[in-house]
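This report concerns only the one structure given below.
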Amino acid sequence: MKENFWSELPRPFFILAPMEDVTDIVFRHVVSEAARPDVFFTEFTNTESFCHPEGIHSVRGRLTFSEDEHPMVAHIWGDKPEQFRETSIQLAKMGFKGIDLNMGCPVANVAKKGKGSGLILRPDVAAEIIQATKAGGLPVSVKTRLGYYEIDEWKDWLKHVFEQDIANLSIHLRTRKEMSKVDAHWELIEAIKNLRDEIAPNTLLTINGDIPDRKTGLELAEKYGIDGVMIGRGIFHNPFAFEKEPREHTSKELLDLLRLHLSLFNKYEKDEIRQFKSLRRFFKIYVRGIRGASELRHQLMNTQSIAEARALLDEFEAQMDEDVKIEL
């Protein structure tokens, strides 16, 4: 195996969760500017497309990263072990420091085809995928859920995953059936850690689910002794979620992050090949808590270009009465 960066991380370490159509190179750099986590994962890359001579062009932008983002981990999904083997070899050549396997995506057209969280119901295939991915020589980690249908599936499923000798397990503390409709099952953290200690003490354990910020993550790490904390949706409510010394933030800081997001979208649009409309999901992160925010968001949602969005921001900021503090 190549150098295992996981062993060099601080304890606890913090990860920005992989999120489809969210955690691309643009948004990762925005998060870095606000407050950087210890590890970045890419958004989802399909191994079947990656291994196809034509399909590769549709997913290559998902794997775009810059050297200042290291340690950079490629997050991949699929269900054919031989494709994971081939993908892992190529990812190592591309300079990634690790590979993370998606065994938790709950979306119906993924899970019901036996991929993502569907692999919870196919443990033998999941094991084959993990072992095949080691061919690239990079440390292999897994992101999964407690189970597919029921919470009590976690014991057999996680025992099986721990037995595969992986570098890190990121456990989303809900089942596939629960999606994100219920509170994460923090009450199971201690039992999961005990299972890890028994089966695979060298595998790191990262928790995910309803963790809004670094402060909460540190409290959970101190209480349960886990190794890592992964923050996902919390970053939409607080782009400064990974801040080591929390402080108050202002509306101008958020608008400055939006300007950065627009500039980075311009910079990487040739690599990512994304339409402008993909930006619209991000506007609500940056435009809130100030007079006129709702109207500005509405106007931004109707823009068709970076230039239009910038012009709206210029006009809005020129008329701002004051730079107000924002509750995150």
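Quick reminder: no glycine exception, Cβ is built from N, Cα and C everywhere.
Proximity of C105 (active site, proton donor) to non-local residues of its own chain (separation of 6 or more, Cβ distance below 8 Å) is seen for E20, F44, W77, A111, K115, G116, S117, given in sequence order. The secondary structure of C105 (active site, proton donor), as reduced to three states from DSSP, is coil rather than helix or strand. What Swiss-Prot lists as active site, proton donor is C105, and the listing cites similarity to another entry.
What Swiss-Prot records for P18, M19, E20, K143, N208, G209, D210, G232, R233 is FMN binding site, and it gives similarity to another entry as the kind of evidence. Around D210 (FMN binding site), the same-chain residues six or more apart in sequence whose CB sits under 8 Å from its CB are L173, D183, A184, W186, listed in sequence order.
N208 (FMN binding site) carries a strand DSSP state (E or B).
Our reading of the FMN binding annotation (P18, M19, E20, K143, N208, G209, D210, G232, R233) yields a largest Cα to Cα distance of 18 angstrom.
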